[in-house]
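Take a look at the structure below.
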C-alpha cells in the first residue's frame, strides 16, 4: 500500500524581541518624559518679591497646601504656630496665597480697595461656573460703583418688598411647625426641619413664588441646592484645568438650574404678560437684561441660604440647650404678639400672624443677643480676597490671594473671655471688650464688604424662631454638639446633624 509522505513540520523560528526593542524603549521613554514634564509643571512656582511672607512647610509635593481644603482650621493653626511674623505664604495649585493675622492685617484685609471679595471665591471650590472670568453680575460699575448683584440684593430687601412678602413668610413658617406637630416621635433635626422653608423664602424674595409653588421644579431645585451646599471641589481649586466627573456634574447642574428659571423669565418678559408684584417683576420693570436676571437669580438662591440653612437650625438647638434663654425669648414673643393681636386670647401663633414688619425686625432682643453669639461661634471661616491691583512688589502681590481666618477674632480671649462658651450676655450694652480692636466682630462682614443680606437674614430667623417657640418647648438631646463651631471638612456647608426634642406648649 502506497502512502503519501506527510509534509515536513514547519520550523518555528524563535521570536526576535530585538526587532521590537527600539519601539518599546522609545514608547517608555516618551511616557517617562510626559510624566516628568507633568510633574515639573505641577512643581513649578513663579518667583516673588522678598516682601512676600515665608512659605509654610505644611504642604504636599506637587499640589501644595492640600490641608487648606481638607483640614482648613488645623492647617491655619499649624501654619501660624510655625510663622515668626504672624503671616505665611502657601500654594494652592498654581495660586499663591498669603495668610494674615493680627489687628493691623485684619483692618487691611477688610478695608483695602485692591483686595477683591468676588475674586477670592476662586480658592473656595464651590462655584458652579469655571473660575475665570468673573460673571458680569459681580463686576463693579453697574450703579454708583456697585455690582448688579449687590444693587438688586439691596433693592429686594427694601421695606416695601419685605412688607409685600411678609404674609407668605409668616404663613409658611407657621405651616412648618403645624406639620411638625404631626410627628409622633417628638424628635427632629431642626436644621432639616427648617431647611425647606428657609430656601423657599429665599427663592420668593429674590425671584418669585411661582417657582416655590411648582410641585415639580421646587423639590428638584431644593435637593440640588442641598447637595451643592455640602460640596467643595479639591480639583477645581488645585487643578482647575483638569477635566473631572465632578466638574461635568456641576456643569450639568448649572444647566438644569437655567432650565428652571429661563422659561419663567421668558414668559414674564413677553409683551402683555401677567404682572406679579415680586422681585422678578422689579428687574423686568427696571429694564434689566435677560442674561443678568437669570444669572442673578441662580447666584442668589445659591448664596442666600449658605449660612441661614445652618444658623436657623442651630438657633433652635441653642434654645433647646439653654432653657433660660429659651424662656426669655418666649416671654418676649408672647408680650410682643399680644400687643398687636386682634384677639389677645387667641393662640399665640394666631397672634403672631398680625404683627407688622417693624415688630418682627426689632421686637426680640433676647433672640438678637443669642443670634449674634451664635454667629460669632459658627461663622468661623477663612475669608478670602484676591489682589486685583497692578503692583507686584507688595506684601500680597498682584494676582495673589489673601485669607483671614475669623477664629482668630471670634475666639480671642481678649475680646471674648471664655470664648468657647455660649454667652449671649456678652453682647449686652456696655460690654466694651469687643471694641478693644478694630473689627473685633466680623460675622456680618466689615469694611468694604459688609454682608448685603443682613437685614433679610435677621428677619428670616426671627420669623422662623418665633413660630417654633410659639408652638413648642425645645429640649436638647445632646448638650455638647451645639458648641462645635468649626469644621475640618472642605469649604462646603453641610447641614448639622444635631437632634432636639419638641413638645407642645400647654398654653397652645
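Placement of Cβ uses the backbone N, Cα and C atoms for every residue, glycine included.
In the three-state DSSP reading, residue 451 (heme binding site) counts as coil. Sequence annotations record features per position, and here Swiss-Prot assigns heme binding site to 451.
Taking Cβ-Cβ distances under 8 Å and a sequence gap of 6 or more within the same chain, the neighbours of residue 387 (N-linked glycosylation site) are 114, 115, 116, 394, 396, 397, 398, 399, 400, 401, 402. Residue 387 (N-linked glycosylation site) falls within a strand when secondary structure is assigned with DSSP. What Swiss-Prot lists as N-linked glycosylation site is 387 (among others).
Sequence-distant neighbours of residue 405 (N-linked glycosylation site) (same chain, six or more apart, CB under 8 Å from its CB) are 72, 73, 76, 99, 101, 380, 381, 382, 383, listed in sequence order. What Swiss-Prot records for 405 (among others) is N-linked glycosylation site, and it gives sequence analysis as the kind of evidence.
Feature annotation from Swiss-Prot assigns N-linked glycosylation site to 462 (among others); the stated evidence is sequence analysis. Note on residue 462 (N-linked glycosylation site): other Cβ atoms within 10 Å of its Cβ, all shown chains, come to 23.
Here Swiss-Prot flags 481-508 as region 'Disordered'.
The annotation transmembrane segment is assigned in Swiss-Prot to 24-44.
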Measuring Cα to Cα, tell me the gap between residue 451 (heme binding site) and residue 462 (N-linked glycosylation site) in whole angstrom.
18
Look up residue 462 (N-linked glycosylation site) in the DSSP assignment and reduce it to helix, strand or coil.
helix
Local Cβ density at residue 451 (heme binding site) - other Cβ atoms counted within 10 Å:
17
